[in-house]
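Feature list (source: TrEMBL):
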type     : residues                     : note
COMPBIAS : 250-267                      : compositional bias 'Polar residues'
BINDING  : S629, K635, E636, D665, K806 : UDP-alpha-D-glucose binding site
ACT_SITE : D665                         : active site
BINDING  : K807, D831                   : Mn(2+) binding site
ACT_SITE : D1046                        : active site
TRANSMEM : 1124-1145                    : transmembrane segment
TRANSMEM : 1157-1175                    : transmembrane segment
TRANSMEM : 1195-1215                    : transmembrane segment
TRANSMEM : 1236-1257                    : transmembrane segment
TRANSMEM : 1277-1295                    : transmembrane segment
TRANSMEM : 1307-1327                    : transmembrane segment
Amino acid sequence: MTEPRRLRGHTAAAICCIASRSRPGLVATAAEDGRVCWYDLRCKDMLFSMDVGNGDAVSALCFKPGNEDIIYVSAGNEVKCFDLHMAASWKQLESYSYNKDEINQIACHPKSSFLAAADDAGDVKIIDVHQRCLYKTLRAGHKSICSSVQFLPWRSWEVITGGLDSKLVMWDFSKGRPNKIMDFGSGGDSGQCCNPAFVHALVVPDLDIVDKVGKVCVVARGDGVVNIINIESELAALKSKMSTKPKLGSKSNPKGRSSPGDPQSGDQNDRNLRLDYSMGGHVAAVSSVAFNMFGEKGKFIISGGNDKSIKVWNWSNYRDDAGQTSNGDELLSSSISLSRKVNWLCTTPADSENLVVCDTSKVVKVYSVGTEEMMESGAPICNICGEQLGLSAKGEVFVACHECTYPICQHCLDHEIKEGRNACMRCGTPYTDDDTAVAEASGDQAPVASHLNTAKDSGIHARNVSSVSTVDSEYINDSGNPIWKHRVESWKEKKTKKKRAATKEKKEAEIPPEQQMEEKPESGEAAQPLSRVVPLPKSQLTPYRTVIIMRLIILALFFQYRVTHPVDSAFGLWLTSVICEIWFAFSWVLDQFPKWSPINRETYIDGLSARYEREGEPSELAAVDFFVSTVDPLKEPPLITANTVLSILAVDYPVDKVSCYVSDDGAAMLTFESLAETADFARKWVPFCKKFSIEPRAPEFYFSQKFDYLKDKVQPSFVKERRAMKRDYEEYKVRINALVAKAQKTPDEGWTMADGTPWPGNNPRDHPGMIQVFLGNSGAHDIEGNELPRLVYVSREKRPGYQHHKKAGAENALVRVSAVLTNAPFILNLDCDHYVNNSKAIREAMCFLMDPQVGRDVCYVQFPQRFDGIDKSDRYANRNTVFFDVNMKGLDGIQGPVYVGTGCVFNRQALYGYGPSSLPSLPKTSSSCSWCCCCDKKPTKEKDLSEVYRDAKREDLNAAIFNLREIDNYDEHERSLLISQMSFEKTFGLSSVFIESTLMENGGLPDSANPSTLIKEAIHVISCGYEEKTAWGKEIGWIYGSVTEDILTGFKMHCRGWRSIYCMPLRPAFKGSAPINLSDRLHQVLRWALGSVEIFLSRHCPLWYGFGGGRLKWLQRLAYINTIVYPFTSLPLVAYCSLPAICLLTGKFIIPTLSNLASVLFLGLFLSIILTSVLELRWSGVSIEALWRNEQFWVIGGVSAHLFAVFQGFLKMLAGLDTNFTVTAKAADDTEFGELYILKWTTVLIPPTTILIVNLVGVVAGFSDALNSGYESWGPLFGKVFFAFWVILHLYPFLKGLMGRQNRTPTIVVLWSVLLASVFSLVWVKIDPFVSTNDASTVAQSCIAIDC
């Protein structure tokens, strides 16, 4: 073989190289000097170089698939992106610093926007370059350095990695877990005992040759072996192995783990090929491997190693023999001896100078490796016409240029000389000794993109284009002699065909990633997105925003007027009113601006089914754990809880993916027994629901619906089966009612179970933990023999002296129990009175959570709350329509809705305190020397697989979880390495099974889980002391410290960088019950307000918490500030509602005499308020009645419950006093909405009652004063009376609730009767028609004479 061509330009050892496929001859090399050098093999010198390393060695290069103008470069732990069109500046387009250690290799997905980066820490970061964020981190696959990574182009969601732990790992990167691990270091597969079988490099075939070559992976190993692995056969063997369940007592290998030497893989040798020293292969470590891109692509495998040699393997002989064993002579085609070890090699599509080798020197070598046909004929191919060079007169291969041996045949050389081009196209050396004008390559320093695109666009092979511009024009023209013209026409015809194929390939590459990410051709329905954002029309949003800005400006002018025009005669009243108005404006800003960008969403459930529920295949939908919590069955009727459970068990979702956990925090035997009855009734109810697709699937609410239940029903048996089912349900209700009646009086000796043993929960404050699995894959089936979802009863342990944290503690106990027993990746929590109203609600949520693009940073999907049993007028705004249909839509356009305590589907990983996968890592805060010192002090132990995964996973945790002050000087990565197993247990608790489950992002039970001990472990994690000295309730799970744990829990997730989704299906997902009488409603609002005050006084206050990470958006922060500040509005609201009465009683007013400008300001303010409300009604669809009810109850709650919450909160947080209110109930009617008229007198009712009476008295006194003062006082009276009536109208629902039915006489009649009677009485006294004018004057004169 001739001497290689040498490419110079680096000042240190070359590390890697890549060759362009769309521009043959273009090569890029990288070295330890941090430079990337570009060469055009048609030219003599280097084109240009890029200094991109900034002191770090460039370790890997990668072109962007479909656009080789974009190149990705890895240097240190950073991946940089450059555009070749910007050759003058070399300014990077993007930079990704997600890796914690030095990157060894990068690879781009051929059909989507993912990039993989393997580093020395053993991690692989999957980066979405389109979204510019981290998509997934692949951990726990390698214990040591991950040296190589490649995407499998025929499997859209899979990647393969190799490492210096001798392992080859096949990953499903959408789930972040390995499908199969092959260990070359175990068994009898090692090639040389002195060299470990490290995986140094690997390569997979491109899409254009995979059909010819096969779905294989070529592995370069440290023991000198080149392995060709049949990927599909390995995965098929794994699938068949997993489908065969081991017998009881047998010992099986961990999931997906095998070694090539394992005797269990008996057909290993039939699937894979080993190329080792016995076949003439390498005698030292193989460092690089590649398929040939020249000639017949994929026919050869080229490997380079530390034995200073390159081997060319003609492995097509093996493929042609259909896997039959071949000897080394047939497989080893040629061998090239080098002077140095090989670092990297690649091939080019050219037929000569087609092997680029980077060795340990700074000079890159280029060799010419021929195909088998070339070797047989001995005649290379001409680079101009594509025909064989032929032989010279001496019988040797014809050589035109003896300087660079650029292959040109005799005919092409003759034409070149005839046309006046007497110099070599590449090196410029004259062909003859004549003094001809030679055009030197003056354009070598032009940008490579502009230099090559001309040839590419004209349809001419780039290798045939010189840097001399005249050569380009001559090639494009059809001039020349007839022989040359014929050759050019023939050549162009071939290139046109190739260009058409390339265009077709490019069009396929331009298909959106969502449609490319399927492994096989999908139907149009499966390729559709699972959801989409529906922004508001500009015709609605633009006027809305304009009015908000106008209102803000008018408010500023209004306050400028109010402040500059004090009322001297009533300065105290004026100052109070101004302070209140400023607070109201502040509250309006907090409430209004989070609604700046409201959005709607649409889901595509059919697309979800098409993607994850293919016909004939198991469902790939994610599992969901349902949480239902209850405390006292006498206050929360068991029948209501049972309906909730039945609606869950009957949801339209795969039964093996549904588990229902019922938390009984009162340890009541009534709840246990009613759940046992419910499980038995579910065997009939669930198949009935699914057979006839009824809605809702809570029997109490289904049978009580007033509608035509035969609508859309076509089965003749429906009526008969419905009647039978209704009868069964009524019998079931009787049994439940009997249990409730029995439970009204507790026996002196306590409750006993059916077997005579005492009920463990007889003392609800001191009892052990209890778990009972009623239904499931091992439990009872329905009456048709089908499996039922799992139903589990849970009552956590309670002992005196422990804090149990009420509902939040019960929910955290369910999180741990479910993680041990089922570990579904998603959790849906419901209150016991909220049943599933839409059986497809879970599918609605999965359209967001299982979307690879949308769901990776979603912590939860919140559904709106809808209620049954509320009166039509919704007197006390129980439906909260404005909040759920206006405020929550606005928040969905920012970072997502707040968590409202029920009807929410959680990502389990978010509850564990982990951050989203797309969250950028925090920058380092210390230098590497501190880590080195730490290493010197304490040697690092070799870690097992779970330890490596755990430590790496901890990088994504919020820093607050591991707030270790003693290592604050270390950066995030160093901190994660220093945290020990003990610290991890201090976070999650002392349960190895539970800890292992927290690291499984996609759910499922760990391989190490022993089914026989799971219940025992589940009992352990609900013990009352499990959370002691852990992060439960502080940083993970439901957060403690407030009675409104829902707001706090969602706030913590948003602070970690997660976002939430608001899902509003046409049919409400869940429905519940709400207190509809005045007293219960006010106490509900009091509890919410008290929770907000507790958050305000805690360290989690949004005013100061979470600023360090910068992950909570400002408008989202405003919304959270509003949720904790609104109770304090009660103070100015009480004062402001008292002002009208004071003004009427004193004759003073808070506003001076209005000028024209002031009148315009007041009018503009009122109009802006009205317009804002009207436009909100327009885009939200809320009725004006709902808006008015919401406004009324804002005042009612503000002057009652919110006021008490502020004082109670301060007493509780500062003095430790917990105030309870005594409630006394009156009798209620048995009619519909009879509960509406119940009045339970509490102290909360005193402030609004006082304000009402004072304002009514003030109105009477005002009219009396006006009558006594004359007609000139009527003008000021109207302003004061209007102010008072504003208060009375807002408190009118309170007055109705306070007065009850009054023997069915409408309250409005009683109110207006009293008011009008008082006014007319005063008028009658002032204007007495029975007193004559003369008599009146006489009386007046006599009074003056008397001098009274």
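Note: Cβ is positioned from N, Cα and C throughout, glycine not excepted.
Structural mapping of features recorded in TrEMBL.
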residue : record                           : Cβ contacts under 8 Å, 6 or more apart
S629    : UDP-alpha-D-glucose binding site : V662, S663, D665, K807, A810, E811, L814, N829, D831, C832
K635    : UDP-alpha-D-glucose binding site : none
E636    : UDP-alpha-D-glucose binding site : T630, C832, D833
K806    : UDP-alpha-D-glucose binding site : D665, V1043
D1046   : active site                      : V898, Y899, V900, G901
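Taking Cβ pairs closer than 8 Å, the transmembrane segment (1124-1145) reaches residues 570, 573, 576-577, 579-581, 583-584, 587, 590, 1047, 1089-1090, 1092-1093, 1095-1096, 1101-1103, 1195, 1198-1199, 1202-1203, 1205-1206, 1209, 1247, 1251, 1254-1255, 1257-1259, 1261-1262, 1265, 1280-1281, 1283-1284, 1286-1287, 1291 in its own chain, all 6 or more past its ends. Beyond the transmembrane segment (1157-1175), the same-chain residues lying 6 or more positions past its ends with a Cβ under 8 Å from any Cβ of the stretch are 540, 543-544, 547-548, 550-551, 554-555, 557-558, 561, 565, 592, 1187.
Within 8 Å of the centroid defined by the CB atoms of S629, K635, E636, D665, K806, the record's UDP-alpha-D-glucose site, lie the Cβ atoms of T630, V631, D632, G666, K807, A810, C832, excluding the listed residues themselves. Its own atom aside, the Cβ of K807 (Mn(2+) binding site) has 20 Cβ atoms within 10 angstroms in the protein chains shown.
Binding-site extent for UDP-alpha-D-glucose: residues S629, K635, E636, D665, K806, maximum pairwise Cα distance 16 Å (rounded to the nearest whole number). Over all protein chains present, the Cβ of D831 (Mn(2+) binding site) has 22 other Cβ atoms lying within 10 Å.
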